[in-house]
Amino acid sequence: KEGYIVNYYTGCKFACAKLGDNDYCLRECKARYGKGAGGYCYAFGCWCTHLYEQAVVWPLPKKKCRA
């Protein structure tokens, strides 16, 4: 599974500025989803890879982004 990291409180994606390989996104993906996860900046959001099937990613059902 793959997807954007989501902030459970705001319903928004984790933003990033440096596209492609991105230490911030990689660190956040691993912290949220475990050591096996990968991550990079895609379309100015942190995109995580190698997630378990039940991982919660953006968009959250019935919750719009409220920054």
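In case you wondered, yes, glycine gets a Cβ from its N, Cα and C as well.
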Candidate in Cys25, Cys65 joined to Cys46 through a disulfide, as Swiss-Prot lists it: Cys25
Of the candidates Cys41, Cys48, Cys65, the one sharing a disulfide with Cys16 in Swiss-Prot: Cys41
For Cys12 (disulfide bond), the one of Cys25, Cys29, Cys41, Cys46, Cys48 that lies nearest, given that the disulfide-bonded residues are compared by Cα: Cys46
Fewest other C-beta atoms within 10 angstroms, as judged across Cys12, Cys48, which are the disulfide-bonded residues: Cys12
Predicted model, mean pLDDT over the domain 'LCN-type CS-alpha/beta' (1-66): 96
For the domain 'LCN-type CS-alpha/beta' (1-66), the number of residues DSSP places in helix, strand and coil: 11 helix, 17 strand, 38 coil
Inter-residue C-alpha distance, Cys25 (disulfide bond) and Cys41 (disulfide bond) (nearest angstrom): 6
